[in-house]
Amino acid sequence: MASLWVRARRVFMKSRASGFSAKAATEMGSGGAEKGYRIPAGKGPHAVGCTDLMTGDAAEGSFLRLYYLSCDDTDTEETPWIPDKEYYQGLSDFLNVYRALGERLFQYYVGSVTCPAKSNAAFKPGEKYPLLVFSHGLGAFRTIYSAICIEMASQGFLVAAVEHRDESASATYFCKKKADSEPEEDQTSGVEKEWIYYRKLRAGEEERCLRHKQVQQRAQECIKALNLILKISSGEEVMNVLNSDFDWNHLKDSVDTSRIAVMGHSFGGATVIESLSKEIRFRCGIALDAWMLPVGDDTYQSSVQQPLLFINSEKFQWAANILKMKKLSSNDTNKKMITIKGSVHQSFPDFTFVSGEIIGKFFKLKGEIDPNEAIDICNHASLAFLQKHLSLKRDFDKWDSLVDGIGPNVISGTNIDLSPTE
């Protein structure tokens, strides 16, 4: 990612002289939406809403975005994709771009982008739904995997997208009481945001040690999110410190506690593995282009008992990383690996959908495969896997062949040569 943005800075600094940058700006339009670049809507039978939930007044609390089945309320507005300018600043820090420049660029290109989920729309009650906890990648945050989360919600899942506070997110925050707040002020008006930005490696610091420590915290945050949603479903009242019109009481008896899974991308893929090893209530897991460096030796030794699906891109993986995956999955028919042909590491987050061909290819946000086809393969394989291992009574088994790596633009296992090197 760092080398990618070295290239980015060179391009932007030469923007007045470069026909490429002028064309890229025209291609993207104002906010990306004017040229029809949109995050895809869910293809399932259910309308989707989303809302944010934060508990506690310290970094140890929980913060997540819940995607859920909603009543079909056409009057409700779609949700801003990136909700605060501080996320632009965090992305700039992560990508080694001056904050002032990065904030302006992100605001120009994606500032008006929305995700196709209705903000705080009324929850659709009536049955118990399976729950999926989602973990974001390094430098990401809770909102930028909305294409995957919305599709899962449209197919009947509750999806809790965690925002991690281990300093691996580009930016996140917690709410603390204002120093000058009055005792009679309500829960939301008497608080202010305390921002936590991405922490870079310090000089001489070993990355594996830092990432292993972070993945432990990330797994605990996924388990906290699970506990929080189950607490709400049990009817216990939870205080949301964010100002929201959403009525959490409507989620009472909404979770099928026997059908819970965990899913994540990159660093979030490692988080999936750690979460499975620590929490048996996660019945299965899906790791998207997992980055295995953070996974501890103890996890390999104790192994992961639950079913696990690795969905990899063609261009990101390397032999040592794949061999670590195979160490977890060897001789277990409930652990699968597939690779999406023509895909790149950024084929899973939303950035691939809000960039045009020039920006997308130059910054490796797009692969050779159409982004919509890549995400469909990912989502369909995931749904088929979840149906089997959560014992769902749906029709997702029509995509079972994808889990075995059979179909257009998908292969079983990996494209990486694993032959021993001399």
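Each Cβ is built from the backbone N, Cα and C atoms, and glycine gets one as well.
A simple way to gauge crowding: the CB of SER266 (active site, nucleophile) has 24 other CB atoms within 10 angstroms, across all the protein chains here. What Swiss-Prot lists as active site, nucleophile is SER266.
Other Cβ atoms within 10 Å of the Cβ of ASP289 (active site, charge relay system), summed over all protein chains shown, number 28. Per Swiss-Prot, active site, charge relay system is recorded for ASP289 (among others).
Taken from Swiss-Prot, the feature active site, charge relay system covers HIS345 (among others). Long-range Cβ contacts of HIS345 (active site, charge relay system) within its own chain (separation 6+, distance under 8 Å): SER266, ASP289, SER313, LYS315, PHE316, LYS364.
Positions annotated as N-linked glycosylation site by Swiss-Prot, on the basis of sequence analysis: ASN331. Residues within less than 8 Å, Cβ to Cβ, of ASN331 (N-linked glycosylation site) and separated from it by at least 6 positions along the same chain comprise none.
The signal peptide annotation in Swiss-Prot covers 1-21 and is backed by similarity to another entry.
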